[in-house]
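As recorded in TrEMBL:
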DOMAIN    40-399  domain 'Cation/H+ exchanger transmembrane'
DOMAIN    560-722  domain 'Cation/H(+) antiporter C-terminal'
TRANSMEM  119-141  transmembrane segment
TRANSMEM  147-170  transmembrane segment
TRANSMEM  182-206  transmembrane segment
TRANSMEM  218-246  transmembrane segment
TRANSMEM  258-276  transmembrane segment
TRANSMEM  310-330  transmembrane segment
TRANSMEM  342-370  transmembrane segment
Amino acid sequence: MKNRERMNTTTTKNVCGDKWYLNLDKPEEALKVLGFIAIFVIRTLLHHAMKPLGQPYLTTDFAIGLILGNLPKFREAFSGPYSTTLNNIIEFGMICHMFVMGLEMNPSALLRPPTKDAFMAYTSMLTTFAIAFATTPFLHYTKTAPFVFSLALSLMASSTGSPILTRVISNLKIRKSDLGKLASAAGVHTDMISTLFYCFGFIFFPTERPLPRPLHRFFRALLMFCLFLAQVTFTSIVSPIFLNWVNNENPEGKPLKGSHLVMSLAFVVLICSFPTWPPESMYNPILSAFTAGLFLPNQGRMSKWIINKINYLLSTVFYPIFFFWVGFIIHMRNFDIGDKLAWARLFSLLGTVIAGKVVGTVLCGVLLGYHVRETASLGLLLTTKGHFHVYLAALAIRRVPVHIMALQWLDPTTELRVLMGLHGPHNIGSTLNLMEICHGGREPGSIYYATDMVELTDEIAATLKKDGRSGQNNDDSVTVTDRTVTEMRESITAAVNGYGELRSGQGVTVRRMLALSTFMTMAHDICGLADELMNAPCSIGILVDRSFGQTEEAWRPGASMDIAIIFIGGRDDREALAFAAQVARHPAVKLSVIRFLEDKSSQNAQKRSSILNRASVVEQEEEMKLDDECFAEFYERYIAGGGRVSYMEKHLTNSSETFTALKSLDGEYGLVIVGRGGGRASSGLTTGLNDWQQCPELGPIGDVLSGSDFSHNTSMLIIQQQRTRGQLEGLHDDFTIL
């Protein structure tokens, strides 16, 4: 939770322990170097041990990465800013990988009459896709947009990793046999077709949430499609002319001219990147690199030089780091080995891929006169997946939360984890009061990360002093010696630690953090901190602090606090109601629940309902149903039985009456809890309020309550429920390219 005061002048960064250190090297840099050396050494030894089994480097790399990436020391070494650097390395490596993969393929095969290997590839793809698409919906991989997700997963199941398949065929010593040649050619066909489908899927299916307007989606898709055509046309026409000139100027047997080499690399970068230049295109650079490589001539000295150099770099350096990254982001501690449904989904997907490939190749092979045994073996070979598929799957695993971390679905047997941001000592009172009322006597306990958010200015940066203090993994840390920051932190530490000691026997744990960074990286770093603390993705709140806690301390005997929650509807309001239920359990809280209901008999409501299309009506009815169910449960539990929770309804017709109703609450409560407004069904109660907003991040209701003409004795807490990304809940955007 962040306070609104000084909201535009504060920034954030890394974790600090109970003492005020900014850890830049934790642990020593030598551990990172030794880690990479260990990866390469163990990789070589393990590969030679598994070579008699015909296993490629992919197998050993994956095993080593999964183990080392989950060791606590390695995870600690590459956390924080180092994880961002690692992600950038991986993305650049995947761009190179996809470029070379496309460069080694021949797109002219798509224009020629299909050969036997092409028939095998297409048939196995179709059967696998059909079986996967028919079975995926019954496994309930996702609750949202199951049709689109089934398409995505089915396409991935039907694809083949041709580079890995080629290595497997070589290791099995069947490369020159008829089966090996057929499998290699069919794998390339399958890989090329499926990756082109990825490209088209990324163009026509937007990845951002919420979805843009239909007209905006159409023009964006049209722009990306035009860029795709421009890239294909330019690469197909211009690149042969340019590369032929370079090859003629650099015949075999003579050293490559440096100027020609630089121009060739610059040309490759140009054709790979220009579809991503327009800010509205949102075209994926990895897929753009594949398209550029696919239509670039793969014959000639320069093309072969590029292929050899990049493949050498990938195989010797990138792939071991890539699988370490996969192991790093797949946190095995989060995997529930006893989840039978998860195992069922895994083996069902594996069975679908194997059955689809084998059935397709056997059917096609019988028609073409092949033996069943050979075609069945071919089908098994075509189940091979490559680095690109592992990359997509790893990104999806990284972003799919183990459970939805929102108060509405919080397991009462688990502890409550809250990251709170403080701008200075003036936020101490409100922070302690929020800690107290959030805890509410929870039996599992609560953990609060009290984080000082300090802007890293030039003056503060000049006072950072590196030292070698040890203890609590603070080796090679830097001490923040700025007197203002030090005094601020001392006063905050004394207050929150005193509260933690007071409530230590009641399940409350308070930990101190320091977030120190420039203004531009504030949002990114505070999110990274929450992610490192395994507190995200989660719901967030912004506190507009107006002396909340200055006049009353909730933990004192006899304390009394008047708190209100305004409920209109939508997922954010439902999350705010869940937070209010948490607060209502505290003995010092007198909670008032105020529900704004729209008068459906008004002319405004009737006029608005008449212009809604059928899809909007269905969506709104579903949201209203969820609102009623959530509120009915809250009413039955906290209001119907009597107690300290009071309830009132206000029947309103338009936003003007909403504004008046909000003004009537002026000064009556010390804290007002509201939702930001996400997922709220179209309502005349807030229509028009958006036009007046000064702070859109607060939502229409929060913006009105935080206005300068409202009471200076009433604080506001605006809550936004955890957002889901992509078609699958929590899915990474790069995975939703389908």
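Residue 1 is the first one shown; counting continues down the chain.
Glycine is treated like the rest: Cβ placed from N, Cα and C.
Just so you know, TrEMBL annotations never went through curation; they're auto-generated.
The stretch in closest packing with the transmembrane segment (342-370), judged by the count of Cβ pairs under 8 Å and taken from 119-141, 147-170, 310-330, is 119-141. In this chain, the transmembrane segment (218-246) does not touch the transmembrane segment (119-141); fewer than three CB pairs sit within less than 8 A of each other, excluding pairs fewer than 6 residues apart. With a threshold of 8 Å between CB atoms, the same-chain residues lying at least 6 positions outside the transmembrane segment (147-170) that come near it are 54, 56-58, 101, 104-105, 121, 124-126, 128-129, 132-133, 136-137, 141, 180, 183-184, 186-188, 190-192, 194-195, 197-198, 201, 205, 349, 352-353, 356, 381-389, 392-393, 727-728, 735-736, 738. Long-range contacts of the transmembrane segment (310-330) within its own chain (CB-CB distance under 8 A, at least 6 residues past either end) are made by residues 36, 39-40, 43, 57-58, 61-62, 64-70, 74-75, 78, 83, 86-87, 89-90, 93-94, 96-97, 99-100, 387, 390-391, 394-395, 397-398. Within the chain carrying the transmembrane segment (218-246), a Cβ under 8 angstroms from the stretch's Cβ atoms is held by residues 199, 202-204, 206, 212, 260, 263-264, 267, 271, 274-275, 278, 280-283, 288, 291-292, 295-297, 300, 302-303, all 6 or more beyond its ends.
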